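The structure appears right after this line, and notes come after that.
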Amino acid sequence: MNTTTFLLQGFPGLHDFRIVVFVVLFNIYLTTICWNLMVLILVACSKNLQSPMYFFMAQLTISDIMTSSDIVPNMLHMVLNNGSLMSIPQCISQFFFFGFSETSECLLLTAMCYDRYLAICHPLHYSSIMNPGFCLKLILTFWILGFTATLIVTVNLSQLHFCRSDVIDHFFCDYDPILKVSCSNTLKIKSLSTILSLLIIMFPFLLVVLSYAYIVHTILKIKSISHRQKVFSTCGSHLIVVSIFYGTLISIYSTPEREKSNALRKILSMAYTVCTPFTNPVIYCLRNKDIKKALKKILQ
């Protein structure tokens, strides 16, 4: 008999700590939305932030808002009720918006890296290449690629039959937990998702690594230590965000399923679905003088 609904277990065993965990997660979610909206408004309203770097940053905040809003509200319901019932269409829809925001973020981080690469390694060509028209086309292409890749996987997921179990031991409908409860042949979708992951996640990651190799090489050739530090500070925030995002993403999806405990999966998943959208605006705002100036001007 096919399953029609899933029970997402979330975090069983919280007991007396449910209210505390709910309050913490709710405050993180509220702060995440407020901070990301603040960055979005600052970039839209401040004339000093009308550059490719901040345009890409605004797109990243949209991706973070999508991720957080797709995962955390249902997680809060799950914490209070010791689990959450979700129909298969709801579960597949949650996976789609999660996958769309995450794949888009991979590509957006690559765009931001390319911007820093041009600014540091080829400053004379920067203005002619990173013009508003090119930036808009690049972003639209990346959003469409993220949407298309996720849609392909989602359509294949929706065609699976689920009869092994109606329990998903996770706090959201992720790719591997969904496949675990399917009784269909998953070889096709696994092969497809591997190919798409290589194109959408690993290839951009290799481009980021290669770009930073050139950036570091260029910075090391600068003789003035103060100038070297100033140049490196322009890409320091992006490097931190990339390290956190790809570090957790690669850790969770490159480790064989049999070697990964459910607790470890949940911890790593929390890192890039809850913590990353929360910390991204903090990293950019605290380390960025232009954003601080724009915020100060609006507050005054």
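Just so it is clear, glycine is given a Cβ too, placed from its N, Cα and C backbone atoms.
Per TrEMBL, the feature transmembrane segment maps to 20-45 (among others). Outside the transmembrane segment (20-45), and at least 6 residues removed from its termini, the chain residues within Cβ reach (under 8 Å) are 11, 14, 54-55, 57-58, 61-62, 64-65, 68-69, 72-73, 75-76, 79-80, 274, 277-278, 280-282, 284-285, 291, 294-295, 298.
According to TrEMBL, the domain 'G-protein coupled receptors family 1 profile' annotation covers 35-284.
The transmembrane segment feature in TrEMBL is assigned to 134-155 (among others). Packing against the transmembrane segment (134-155) from elsewhere in the chain are residues 52, 55-56, 59, 92, 95-96, 99-101, 103-104, 106-108, 110-111, 175, 189, 192-193, 196, 199-200: each is 6 or more residues past its ends and has a CB under 8 Å from a CB in it.
Residues or ranges marked as transmembrane segment in TrEMBL: 195-215 (among others).
The transmembrane segment annotation in TrEMBL covers 236-255 (among others). Beyond the transmembrane segment (236-255), the same-chain residues lying 6 or more positions past its ends with a Cβ under 8 Å from any Cβ of the stretch are 60, 102, 105-106, 109, 112-113, 116, 197, 201, 205, 208, 212, 265, 268-269, 271-272, 275-276, 279-280, 283-284, 287-288.
What TrEMBL records for 267-286 (among others) is transmembrane segment.
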Per-residue pLDDT averaged over the domain 'G-protein coupled receptors family 1 profile' (35-284) comes to what?
86
